[in-house]
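The structure appears below as structure tokens.
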């Protein structure tokens, strides 16, 4: 076989390069990454005399044990957390560089590099980020009081499955290093300092040490983390293919480039080699070597020179064409960016203009609102992320950047240009951000509308979680009120479930000019459907909306009309159907004249409470009802004001004003009680007993109507006394007859000390309770099962004692003074 000198030289170069890289990865990797040599254990050992030793806080040791025990099955998370920290450090540099370019001088390139040193059993992750001073190393890595450690520990121990996500959420990602490493060093140098310091700690150590880097200021600017891997982690995580896949999985959306030191092989096919030989032979410069046809017939793996491979070479998701982004990628980006374990209901990806600058944005609708969202103290700082030229700027543009009712929506913005040398308040008021806010708000409502049209089931899920927020938005956001009202849903007599207002308008009757509704905060649809206010409306086949939320009535007062129809509270004056005729008018006049004696009597008897008494045309089965004037307060609103007053613990002017307003009283002329009451008025004359009985009947009728109309009676005790009086008269019991009760007096005052412990509550006997209720079959079943009941408290103590005995037997040094893992396990038990 003949191999040209040029090809032979190329193979020699590959061989030499491979040898050089082997040397680099075992101690002289300065050629691999900006002339930065590895920090060897020997160098650290020589500097021990100058090291400053610090003790960890009490929570640190517990934290390390909990991280290892709870996240062991998800050890890959360390790659995500360390790369995320590196990316944050780079973003800080980029942010500072926008106003101070000198910070870039020590290391102009912004990147992250990862080296798997197989011979040294370590992984080295370097970034050219902001770097840390000696004091910052101690504060950020050795002192974690400010990072929510206790809350994290409590949360992770109660929600084991979510630990991998929680560790980053609580700012404790660095400690995931100890999932795979038994020793970690962190060398760091900020641009503003000439000194480079090293933090060192072991997984089971009680403290850490900080020492001046014996290599000198080799980093220029940035941080280098070295993980000395545990034996059971070396084979898995020193595999370059494994590292590449983890980086691609966890750092795809990092804005900084991430490089992996790698050496791959290229397979050379026989045809390719022959073509090369023939080409060189034609040049007449050939070197004769031994021919081996059998080897030439087989493909050969030729090693490439080790090199830096850009792993996250894809464009950030928000910079790509939405048509080229998959659903899985959108969901993954949402979960990583906003630290959520749930997927979003919907999203919108778009670009727009804001005056003289352009921006790109992603809007996500979460699957629900935070539990504390409706609290007045709610502040959500993770709902919005602002980038400028792919540099993270802030997640806090103030509480009112997005409208309060939209603050649960997740928004990602990347703006081409913004002034950054101003404070947050000034930044929020810039013309560009104001225009972006308007654009975002419009897009959010468009997304809601799209979801309602294209996926009603998902919109119902959204509305169940956030419907109240939208109603608040319709009240507060005047500019977008029409958009929001179209999205609102209400329970209705005409449909199962809920309806939008467009549906109500489409189902209106001929001549109908009103949308009828009844409000009852906290009531169910079935309860409101039994109200006397809706009797005739439902009987005639008209649709009624049931407003069951406290905010509903305030909302309707803010939005008086929709689709050409006016909202009408059926508990107030003014209900019309639009099809009234002369015959109905004549009948009303006749009934009014017929019942005039009763109306006159009621006006006199209820003058203190009633402004107007009329013969009703809204009732069918109820004898009477109490209504409010057109501008008065309904019973539902009065109850809401009373609840608000109770919560404030102070006088409520609006409530007192509402109580002072006189009501309207409507009577049903076709109801037997009203007909009989008319007869009683006509028969009573000057008979004092008859007048007294009549007055009592009217008072009971009036106050019962108050209750049925959702109002409160002025004096509940007086009302119940009147009910009792009527029952006595009905049953023939004397009004003066009293209960014959022998009351045993209490013993003298106790002069001794109080008991040290309260007596135990009486034992609950299910068998006796069921027997007392007449459930003989249930009592018999309970008696049959009594022998099988278990004292679970005793069982728990037995199990615990058994586990502790097992731990003691398995750990020889359990009873020594030195703290051990066994003692920790016992403590946790």
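Heads up, residue numbers simply count up from 1 along the chain you see.
Backbone N, Cα and C atoms are what each Cβ position is placed from, and that goes for glycine too.
These come from TrEMBL:
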SIGNAL    1-23  signal peptide
BINDING   81, 85, 127, 132, 140, 147-148, 169-174, 223, 424  ATP binding site
REGION    278-306  region 'Disordered'
COMPBIAS  283-298  compositional bias 'Acidic residues'
REGION    734-765  region 'Disordered'
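Known features from TrEMBL, placed on the structure.
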{"residue": "81", "record": "ATP binding site", "CB count, 10 Å": "20"}
{"residue": "127", "record": "ATP binding site", "CB count, 10 Å": "29"}
{"residue": "140", "record": "ATP binding site", "CB count, 10 Å": "18"}
{"residue": "174", "record": "ATP binding site", "CB count, 10 Å": "20"}
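Below 8 angstroms of C-beta separation, residues 725, 728 of the same chain, each at least six residues beyond the ends of the region 'Disordered' (734-765), sit close to that stretch. When secondary structure is read from DSSP and collapsed to three states, residue 81 (ATP binding site) falls in the helix class. DSSP classifies residue 127 (ATP binding site) as strand under the three-state reduction.
Look at the region 'Disordered' (734-765): DSSP puts its residues at 0 helix, 0 strand, 32 coil.
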